[in-house]
Amino acid sequence: LSCIPASGLFPHSFLLLVIGNKGLYCAHHTCSCAHRCYVDDKVSRVAWLNRSNIIFAGQDKWSLDPRVDLVTKGQLEYSLRIQKVDVYDEGSYTCSIQTKQKPKTSHVYLIVQVPANIYKVSEDIIVNEGSNVTLTCLASGRPDPAITWRLLNPSAEPLDGEEYLDIIGIMRNQAGRYECKASNDVATPDVKYVNVVVNYPPTIQKTQSSETPVGRLGMLQCDANAVPKPEFEWYRDEKRMTNTQSINIQILGTTTILVFTNVSEEDYGNYTCVATNRLGIQNASVFLYRPGTGRDINSSDCVSQSLWLLLACFACLFFKC
C-alpha cells in the first residue's frame, strides 16, 4: 500500500480499494492510495460490495455514484476506484470472488482522514483590567484535532486551555496576540489569532524635576502608562496651565513636558502633572528649583534619557506645535 500526495497530474484525488489489505488511509481530497489486485483465471465471478450493498457485479455497475468506477488492466485485475474521496466513503469494502470450488471474500476498511480546520474563533476584543475573558477556538478534522493556545509575547509559552481558554481577572501584561493552533498530523496545522486589548487607568511611571537658573530653558517631565492613551494636564496650585509666550506644554505619546522658555523668579515652585483616561486619574508633583536648592533631581540619570525630549521640544517650539 502506498499513499502519494495528489499532484497536478490528477484533477482530483482518487483511491484504489483492493483485496488483501486490512486498512487503508487516505486524507480527504488530498492523496491517492493504490494497490494492485489480481485474480486468477479460475475465478468465474467477482463483485465489490460496501456495507452489503453491491457496487459492481462483474463489469455491471450497480452503484449510482458517478465517482466510483473499476480499474481493470487485462483480465486478472479487478480494482475499485473512488474519486473525490469523502468522509462518507469511510467503512468496510468487500471483494467477493466466485471460483469453481467455493466463494471467497476479502475485506478492506477505508479510513478517511481530514486535515484540522478551525471553523470558529473569537473576534478581537477590548476588555477592562480585572475582567474575566473566555476565548473560543473550535476545529474539525479526522482524527479529532488537538487545540493549543499561546500568548505571543517574548516567551510564547503554551497556555492551559483547549477549545475554550479562560482568563480570570485579566491583567495588563496579558494583553496581546493569542494564537490558537489545531493539529491532527494529517496536514499542516491550522492557525488563527485573537487580539486582546486590556484597558487600565493611568499610572505615572516617572517624573523629572528641574534645577534651572533664571533666564534659561527649563523642563519638567511626566511619564504615564494607560490604555486608552492618557490625556495630560498641568496645574500650579489650583490653576490649570495653558500655553503662553513663556510656557509651552508638549505631549509626546505617553510623556508630557512643561517647557519654560525663559525661567523667571516667579516660575519656581511646585507643579502638578495629571494623567487621565475614562478608567481613572493619577497625579504627581514636579518641582522647578532654584539652583542649589534642588531635591529629587537625579540629573545624572536623566541627561541621556531626556536628550531626545529636549530636541523634540525645540523642534515643537520652532514649528509651533
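In case you wondered, yes, glycine gets a Cβ from its N, Cα and C as well.
Caution: TrEMBL annotation is automatic and unverified by curators.
As recorded in TrEMBL, the features of this protein are as follows:
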type	residues	note
SIGNAL	1-26	signal peptide
DOMAIN	5-106	domain 'Ig-like'
DOMAIN	115-195	domain 'Ig-like'
DOMAIN	201-287	domain 'Ig-like'
**Complete:** Its residues classified by DSSP, the domain 'Ig-like' (201-287) shows 3 helix, 57 strand, 27 coil
**Fill in**
The DSSP breakdown of the domain 'Ig-like' (115-195) into helix, strand and coil residues is 3 helix, 47 strand, 31 coil
**Request:** Pop the mean pLDDT for the domain 'Ig-like' (201-287) in here, whole number is fine.
**Result:** 95
